[in-house]
Every structure is written in C-alpha cells, then in structure tokens.
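Engineer: Before we start, here is the structure in question, set down as structure tokens.
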Ligand SMILES: O=C(CO)COP(=O)(O)O
C-alpha cells in the first residue's frame, strides 16, 4: 500500500447506521486514483456494515485492545477481531485516547504490536499539547511518542504516522505551514533513524484540516496526506479534501 497521498477520516464517536451508509455510498462513487488511498476510521460497531458500503474506501478502527488473545476482557475488541471482520487499518494513540483513557507509551507499543501481528495496518498518532509547544518541547514530546516504532522493525510495510498537534484538533486552529513543515521534516528524519533508514514512511497531518486549507497543507514537503476529523463527517468537505489530495498526487 505505497500510495503517494492518504486521506483518512476519523469519525470519532459519531455516526448512525443510516447516515453512515449514505455517506459511504457517496464516497464509494468517487473515482479511484492509483496514487491516493482514502479511508475512514469508524466506531468498531460499524466496521462490518461500513465495509459493505465503502469500497474502494478503506475502513479502519479507531482503537484496538491492549490484550492480544481472546479471554476475559469484557468490552474489549482485539486486533485479531478487527482483522477477522476485515478492518484494514487502526489508529493507535490518538490524542483523545492518550488524554481520556490514559494510554501511555507502554500500552500503545503493545497495541501497535498487536495490530502488526494481526495484519491490520497501524496508524500511529503523535502530537504535542499547546503547553508543551510553548515550553519548546514539541519535538522532544513527538520523538518520545515515536520511539515505540523501534520495536516495530518487524514491519516490512508502510509506516504511517499522523502528526496531530493537540491544540489544533477540533479547534479550528490549524498549525501554520511553517510549523507543519518543520515537524514533518523532524518526524521523517527521526523515524528513518529509528528504523535504520529501512522504511517507507507516510506522514499525515491532522488538526482542523478542511476543504479550504488542505491544498496548502498537501503541498508541504513530507506531508503525504491528512487525518481528518470533523470535515470527514460531511460528504462535501471530505470529497473536496480527497480531490485536493488527488491534485497533489498528479
Ligand atoms: O483528531 C483529528 C483526526 O484524528 C482531527 O480532528 P479535526 O479535523 O476535527 O480537528
């Protein structure tokens, strides 16, 4: 899956069956582009139904259990189950998981490994808070969050990382082009050094991406796509972002 541009939606805890199917059937009619991957991460209860309506749009999960094997873990969904229903990717370490569910690096490393073992492509989400940026810690924080990739050298596939500054998520405050360019260059270099230059890396930007700002973001070096929250919930805005990615890939 070495596409040049990736546009992934993250529905978060949104959606209902009928509305999902309507949105996905519109998305499924967008002309497929050989260099653009389009996908949506959806609540796990909707993965199966989404898969029936979405192709060629990829369908992924928003989270996966820390526990790898079947067992007495009430409420959990394992990576093997995601693979079983056909989920093609899974978000790991979204800032909302880190913030509301106290997921730390050890937990996320295990989740990442579980996804890899089950054959579900992990998308590692990283990003600093505003306080961390203001303290000059942005790169150090992101570097620490990337370190779990070291244990993922078993990967011989595309490494997908989404840089989502926490202060840009759902706020309408998009990072500046300079901030995105600087952090993406840093992430590219850091991941290559972690993986001994042996990886195909795709870096997505996330945080208040919309139809108006996406083209400028896609033009930044080392930006290989976007992870889109709010604007992925409406066909028009998501379709415009896909069009901009397609233009950028041409
Ligand atoms: O968290 C995000 C995607 O994972 C970004 O959300 P928004 O696009 O709504 O800012």
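Just so it is clear, glycine is given a Cβ too, placed from its N, Cα and C backbone atoms.
Caution: TrEMBL annotation is automatic and unverified by curators.
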Engineer: The substrate site in TrEMBL includes 10, 11, 12, 208, 229, 230. Which of 71, 170 is also listed there?
Structural biologist: 170
Engineer: Which of these binding-site residues has the least crowded Cβ, counting other Cβ atoms within 10 Å: 10, 208?
Structural biologist: 208
Engineer: Measure from the CA atom of residue 11 (substrate binding site) to the CA atom of residue 94 (active site, electrophile) and give the result in Å, rounded to a whole number.
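Structural biologist: Each residue's Cα considered, residue 94 (active site, electrophile) and residue 11 (substrate binding site) end up 12 Å apart.
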Engineer: Just to verify: the residue among 12, 94 with the fewest other Cβ atoms within 10 Å, which of the recorded positions is it?
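Structural biologist: Among the recorded positions 12, 94, the sparsest Cβ neighbourhood within 10 Å belongs to 12.
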Engineer: To the nearest whole angstrom, what is the C-alpha distance linking residue 230 (substrate binding site) and residue 164 (active site, proton acceptor)?
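Structural biologist: Cα of residue 230 (substrate binding site) to Cα of residue 164 (active site, proton acceptor) measures 14 Å after rounding.
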Engineer: Hey, how far is residue 208 (substrate binding site) from residue 164 (active site, proton acceptor), Cα to Cα, in Å?
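Structural biologist: The Cα atom of residue 208 (substrate binding site) is 9 Å away from the Cα atom of residue 164 (active site, proton acceptor).
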